[in-house]
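Asks: Structure provided below as structure tokens; questions to follow.
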Amino acid sequence: MQLLTLPPSPALATSIRATAQVFEDPKSQALLAHLQQVAPSEASVLIIGETGTGKELVARHIHNLSNRRNRPFIAVNCGAFSESLVEAELFGHEKGAFTGALSAKAGWFEEADGGTLFLDEIGDLPMAIQVKLLRVLQEREVVRLGSRKSIPIDVRVLAATNVQLEKAINAGHFREDLYYRLNVVNLELSPLRDRPGDILPLTRHFIEAYSQRLGYGRVTISPGAEHKLRGYSWPGNIRELENVIHHTLLICRNGVIERDDLRLSNLRIDRPDDQHATADDSPEALLERAFQKLFEQQAGALHEKVEDALLRSAYRFCHYNQVHTASLLGLSRNVTRTRLIKIGELAVNKRRPTENLQGERLIQLSI
């Protein structure tokens, strides 16, 4: 386990990402409204989402809306410590409990007493520690390693994972009884690609925050750069966006972030179990991304090129049948035939003059 908020200065005690409560997408607004309802309770919360979607941010928001807001918020990464140290870090240890234990130390549960303990990557906990965690949640007391004395605690537990715990239960890697104990309230965070309305508000937040840290003046972002950010799929979610903006601010000039300043990854992450992946791979989304690449190339006569490509593709899809092609595109056969001749897909019939359709357009595309 690792305490996620390590800087000694209170001003730096949380990451910029962990304070970015600037959501405008309808999905995020609905989630925030739900948080308003569940935060005042003492119920355990299980937060599910891909890496970098803002699970710690949601946990902090719940804490700040609760009656524990003036008490400690402790964030712990359950996968950051070896199995031999997990118990001592979570529950504490007495002097001499193991080699190197030169003094007694309180665990994270004791440190969070009266407040909130956020257990990130809960699915990484070893099974033996899951048993002890379940007992702590049930009895509301901890026993330090090397001690027999129970220490009462008053802690609200929020947990998060980026894996499907139901599958982990079936595979024997996670306890079912612990799952139900943690999953009183279930919050599922959508990936950033499924809430595009958050991209630019988060971008502006990161620009402002990092500009202050770097000692910069006012930094703006060009429309072209905004368009590039909106068109990217963000496999690393909010964490990736934060890193991109941080890097961009280091290399941009004249206080304006331009399209070419943005360095976006070419990495494609396949998520066969992701229910949201199909929406991003819809024909409309694929077509829009293709248009964006054409726009970035700044090629001339785009309208005509798109028309020609559409007609050629439809003609081949219809097995070179003019009538079917015209029907598929919603055009007259004469217009279809004339354009097929123009793009070289159909030979001119010299015995029959081609209709003069000089002023007629194939299709009106708004791109």
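Cβ atoms are placed via backbone N, Cα and C, with glycine included.
Found this in Swiss-Prot, in case it helps:
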DOMAIN    21-250  domain 'Sigma-54 factor interaction'
BINDING   49-56, 112-121  ATP binding site
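Structural setting of the listed features?
Replies: Residues within less than 8 Å, Cβ to Cβ, of G49 (ATP binding site) and separated from it by at least 6 positions along the same chain comprise K55, A160, N162, E188, L189, S190, P191.
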Asks: Are there any residues at least 6 positions away along the chain from D113 (ATP binding site) with a Cβ closer than 8 Å to its Cβ? List them or say none.
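Replies: Non-local contacts for D113 (ATP binding site): P72, I153, D154, V155.
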Asks: If you draw a 10 Å sphere around the Cβ of T116 (ATP binding site), how many other Cβ atoms fall inside it, taking every protein chain shown into account?
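Replies: Result for T116 (ATP binding site): 23 other Cβ atoms within 10 Å.
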Asks: With Cβ-Cβ distance below 8 Å and at least 6 positions apart along the chain, what are the contacts of L119 (ATP binding site)? List them in sequence order.
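Replies: Looking at Cβ-Cβ distances below 8 Å from L119 (ATP binding site), excluding near sequence neighbours, one finds V76, C78, L125, V157, L158, A159, A160.
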Asks: Using a 10 Å radius around each Cβ and all protein chains in view, which of these binding-site residues has the most neighbours: G52, K55?
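Replies: When each Cβ's neighbours within 10 Å are tallied, K55 leads.
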